[in-house]
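Here's what TrEMBL has on this protein:
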DOMAIN    55-121  domain 'Helically-extended SH3'
Amino acid sequence: RDKDDKYKIWMPKFLMAKEDKDQRKGSDDVERNIFKFKKSNAEKSKKMEKEEKFFRETFMYDKEINVINTATAECSVSSKRRVDLPVTAGEQLDVIDVTEGNVVICRNSEGRYGYVLVEHLNFR
């Protein structure tokens with residue numbers, strides 16, 4: 001053992017200098033983590049594209065999809081039809097379009113589209 005090692009003060013990992021942490025990590029670990037992150041984003045965007053395509057075909061929606069407003073669901077509602085969007089209480093929804101009557105077209109965080117009654121939404 002070196003004399004330096006004998007008198008070296010032990011420090012938790014979170015208090016160590018950034019250079020010391022970089023020396024312990026291999027370059028393979030960093031690349032692997034970046035790859036996993038990109039892969040999950042690719043899968044998510046592919047699912048979003050599929051949902052958007054289904055939405056455009058089902059609703060015959062040819063306009064550009066723009067978020068008009070955001071709303072919070074006040075209560076949980078299950079969908080009775082495929083075109084209705086099932087929502088849970090407290091869920092954040094993007095309002096895409098206003099239709100005739102008391103229904104709006106919304107998108108949830110998973111990328112699914114559907115009709116939601118205005119009575120179930122809270123606009124802030």
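Glycine is treated like the rest: Cβ placed from N, Cα and C.
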Determine how many residues of the domain 'Helically-extended SH3' (55-121) DSSP places in helix, in strand and in coil. 8 helix, 26 strand, 33 coil
Check the domain 'Helically-extended SH3' (55-121) for me and report the mean pLDDT. 91
